[in-house]
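Chemist: Sharing the features that TrEMBL gives for it:
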- A:236-633: domain 'Copper amine oxidase catalytic' (DOMAIN)
- A:307: active site, proton acceptor (ACT_SITE)
- A:391: 2',4',5'-topaquinone (MOD_RES)
- A:391: active site, schiff-base intermediate with substrate (ACT_SITE)
């Protein structure tokens, strides 16, 4: 089968691109890659391609292009675009000083190991006078930004005691230390030793012998828990196989058709979505996530991760396992990582796909005779899970059998912790274990929705539900309410207004619903949330303008994929929505992109430690006057002949051997 | 097994109570019941009972008391409390004129049939000159309130054409008619013929011959759909049986223990909840729901249902069926209805209970070596489904294996529709079928949470996440934020503040978390929502003050169970929270009740017709510094040996017979 323009990057493409880039430099330039992936094909070409594909016409030829991020001469950061179909480098641009690429996992691990042998670090560790069986472990952290003049590529290392008598899975996050070295990447130069406060304010003290406290362990080998009894298998059996088919990267399921492509930066992108023969979207993906912390003390004020731009969500993609990360009949796609030399490697099973039953979809009972109609909601889930050092993020794109799409994020993993002295409390954190504090922080995710509601010319409106004024004839009892529609004309954001029931819709004004007599559309449904708490003039806000508003609309342009801009590590400002949401571009009845911000302020609970039960957040895309009736009327009625459920008896019924049904 | 004070009412108890009440009147009084159910036992007695029960001590004797609502002499409405343990009537109170009891389903159906033979109605039907094969059907509607002097018990009948050539399941809601008679209950007197507007304003015209339009049918026999192909069975198999046990009405599952009692008014109540040996709640139930419509024209201004108080959610409880309403191993409880003579009847299987897998509960991967810990979220669901004429409501109480409780409502069924002339649009409704409009409306549900967080003395706080002011030393970069805590001291409400991340917590100030060093508690987590849109001085608002704010706190008092008060039908005002949230009662460190309002403004979509895909809303109760660590660390790790999932191949892999794993 020939390659599709939306197929994920292939290993031979990565090799070719890396070779072409390397060959374009002298060997002495020492080309060192940090990310290589497919560059999205031009949309104008793909519009023609999609039409030809659906109509069975000859397909236009579309070149496969890869982007390569790499360093030359140790510290010069470059970006190249490479046409791997034609076999040539399209452009090569050395980025301005201070622009830093995403971390390559190999490089971070190398630094993590390197600093543990560095004499200055060893000297601090020595001062801890650790008891036997205890070691030190570090977590490299993105350095973030507090200085407009900083041009070096820096890493901050947070240091922890590793208990557990050498058990690799001991929870070092429970035992944070009070020194934190900073090194320069690549040159490996020691920059500075930061000392961390233990009290209420920013006061620090030189490293003292470590005061032994119990470690809050999560691993079953170490956590001291006896296994909770009584949980019995609950098996998802699909005797006739799954209801979906996979051809190349194209999924077909219950009227839905779309393509899934794992990517280095986003985890995966979903392309070219149709439901029951009508076009719904061009591309949906997570676009960026920023995680700023609220502890104002140095160096914590620099804790602001951009989990896509700084590392790559796909680069932290988990190797998902049957029966662990999802149940039932599972199809996996692999991701692709690279080494510094440009050699690719497979990240197996980084995206999983499966079906779930999701309760009732609709029901009605005619009370006159008890006749019931009932159909069940089935969903198809595309899932990826990324580990970003301590945290895990589960991203689910769920397609429902009534045309709804649910974008779900589940946050789990381990809190990023700070040392705290005994008997101290701070107003910006929760004590989650002895001498261990988890600072308040926010997770602000931008989902990029490139809609194609019955075609590419779409508009965005918001509808408010507002009272009708009381009026002796028109509203004598003061109970009337109506909706008030506002069109978004120019690229920008829409303010939240939950008390007006503000509802965002993507419409196609060129297609009128024959029943409702209004434009066809999809709702973007999400609860109102607190956005970025940092001051508007702070680095946190300047670097993540996307995180300050809950929904944005921009005019579509090729290459505008990432909400905070292309290069986020140690960025000084947002070069994404801050630029594109310019108040100038027309976004009405045009090719547009909608950016939905999902935010949650995380005030840690003790229950979130040592490993967090998921916190779940959702954004839904819901057909709204898109169809001329419920599009799920063609579902079969739910019956036990099909679903084979089983009646349970109470203990009394069991003991007297009688059945009540 | 002896009866438990929290057991649902028994048929012999209903019979005895009815007999005792009837015997206390002369036969000529013609006692006619409309609701009989168990009256909650006094909490002070139950506190002692619960302790004795848990400690294995002799149990205090607690009488079973039933309440009876009934009419005497056709129109006098009465309430009696009957001690069925001792066998005597405790109190009998004739209610003031104008106080109306809940509808008895038998009575409504009698009226529904009665009016179809009434000459005035027949005369209007005649004018329709219906084509052959068409009939007329009516939906009796609660009359609601627009006149302080109205003392009669009235019913408004909305009239529809029944197409479908005599098929009982034809969707009459698609074909609303323009006349609507009002009758008096019991006396069956004709009161008035209302005519319904068809244009933009309140203008009405005399009944005309019916203009034939297509009917939007939902029933598979009638909807003209070919069944969607490709859906394959997805079976929930529990080869070792369920993980829960049922003893009487007590459920034990994964550390949770509680009792489930079907009730006539609420559907069910959950009592005496403990997780892993610690007390969490005394009682949780849906308390009231009001559904006001936004079409200001007469008689629609009176469309304001109280689905619990006006009829009884349990009285509309569906007979749930294996493999239809829930999947897996299912335990059912029966509900209990009555006839007007006080004779009880079983509503079989009105509450169902089962387990579900619910994705990942927690995961962490040590990126250094790819070692993963992963446990799955399992939930136990208590479900009831009530049909309220056109609408269906699914209420799920979901208990999770980490101590969380999720209260979920799914709204489905059929929209309440109004006639609309061709080529007319109105700003308060959506055209959902030819000549058929669904008015905007709201669903506002009050969930009553009677907490017992480590005991009965609890407090409520709200915590806001607020910026720290910028400060050269304490917050030099303007990124700091803290929480700001407010205690609720007096019975009242708390305003919503999503942009402050306002978080509501139920605390026990007498128990300090040993790790966090703060009071133990549970969060009440819910998104900010638009509350009642009607004017504050409208009947809608005066009757449903609970619906004007999202969270309320009151001091516990026996018998205060229903948010809008005990008698809602044709009520003039809210006699529930409007009275109890009095700004006077102490609610700090006291026995308190929290009332969480779930609201959704429903702007109908065409896709909501002829039967609605579920709209889903949730409120969560989340342990927050209740435990000293994640209480789910004792769960077994997820493995495929346990979960038995299956790998799916793509079409290409199948055709070339190769496996990739």
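Glycine residues also receive a Cβ, built from the backbone N, Cα and C atoms like all the rest.
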Chemist: Rounded to the nearest Å, what's the C-alpha distance separating residue A:391 (2',4',5'-topaquinone) and residue A:307 (active site, proton acceptor)? Just drop the number here, would you?
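Modeler: Spelling it out, the Cα of residue A:391 (2',4',5'-topaquinone) and the Cα of residue A:307 (active site, proton acceptor) are 10 Å apart.
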Chemist: What three-state class does DSSP give residue A:391 (2',4',5'-topaquinone)?
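Modeler: DSSP assigns residue A:391 (2',4',5'-topaquinone) to strand.
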Chemist: The domain 'Copper amine oxidase catalytic' (A:236-633): mean pLDDT?
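Modeler: Across the residues of the domain 'Copper amine oxidase catalytic' (A:236-633) the model's pLDDT averages 97 on the 0 to 100 scale.
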Chemist: If you draw a 10 Å sphere on the Cβ of residue A:307 (active site, proton acceptor), how many other Cβ atoms land inside?
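Modeler: Around the Cβ of residue A:307 (active site, proton acceptor), 23 other Cβ atoms lie within 10 Å.
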Chemist: Is it possible to get the count of other C-beta atoms within 10 angstroms of the C-beta of residue A:391 (2',4',5'-topaquinone)?
Modeler: 22
Chemist: Looking only at DSSP and grouping its letters into three states, which state does the residue listed as 'active site, proton acceptor' belong to?
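Modeler: It is coil.
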